[in-house]
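Asks: Pulled the feature table from TrEMBL, pasting it below:
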- H108, H110, H179: Fe cation binding site (BINDING)
- 132-156: region 'Disordered' (REGION)
Amino acid sequence: MEITSLQDVVLHSKLPSFEALRPAQEPASPINGLDKLVQELHRIFRDDVVNIEHVSEVMASYQSNPSDWKKFAKFDRFRYTRNLVDEGNGKFNLMILCWGPDHGSAVHDHADAHCFMKMLQGTLSEVRFSWPDSQLDSRPDQQLQEEEADEEGRPLEEISRTDLRLNDVCYINDSMGLHRVENPSHSDPAVSLHLYSPPFNSCSVFNQRTGKRTNCNVTFWSKRGKKINKEARSATVPEDN
């Protein structure tokens, strides 16, 4: 199934498809709570074609209220956590990520999925990078093979840096590059709401200094407010490189 991004770049993924040019529709009712937001997202994702801008608008129309989401917000002392809120009938995952002071993700892709992120508390810094292969595309095959074999590799190229604050919403897919997300505060936690469509359980992480790519399984710290098995939580690779 072809998925059209905001830049009219085609990705290949599962249902539903996303059409940026389709006129946005007004939400069926005001988004005045997290439960209402989940209901509206289920309504939107009943269609086989979903408007990227409309999803962003709906995410933005929900104003963060800790009483809505605090039961899902599970922190860990050593790393950020991914906490499942809703499985979206198999078409999307909605989750809350909790970031302690100085916590950050590795540079990663999104496994051909669409990623919407909304700030619920604090501030996060999003840093985007070009794909490492794009630096080698125009090189002769022999030179490309030699450089791919070079253990040192090449640093990822930073293309943008944005601070996301309370109720801000951003969007990314793999046609737009890779990104790293981090809490820049040394003292304050941060909380963000993420929607991924289609859901995925593994992605690629990249060493920022060398561009080296590694597959990473992604798991949940909790589901619907309840912590999952400790062994399953600890099975993931380190989040930050």
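Each residue, glycine too, has its Cβ placed from N, Cα and C.
Nobody curates TrEMBL annotations by hand; they come from automatic prediction.
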Asks: Give me the non-local Cβ neighbours of H179 (Fe cation binding site): same chain, 6+ apart in sequence, Cβ-Cβ under 8 Å, ordered along the sequence.
Replies: V107, H108, E126, V127, R128, F129, I172
Asks: Can you tell me how many other Cβ atoms are located within 10 Å of the Cβ belonging to H108 (Fe cation binding site)?
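Replies: Within a 10 Å radius of the Cβ of H108 (Fe cation binding site) lie 21 other Cβ atoms.
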Asks: Would you mind listing, in sequence order, the residues at least six apart from H110 (Fe cation binding site) in the same chain with a Cβ closer than 8 Å to its Cβ?
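Replies: For H110 (Fe cation binding site), the qualifying residues are I172, N173, D174, Y196, F200, C203.
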Asks: Other than H108, H110, H179, which residues of the chain come within 8 Å of the Fe cation site, judged by Cβ distance to the Cβ centroid of those residues?
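Replies: Neighbours found: S105, V107, D109, C115, I172, D174, L178, R180, C203.
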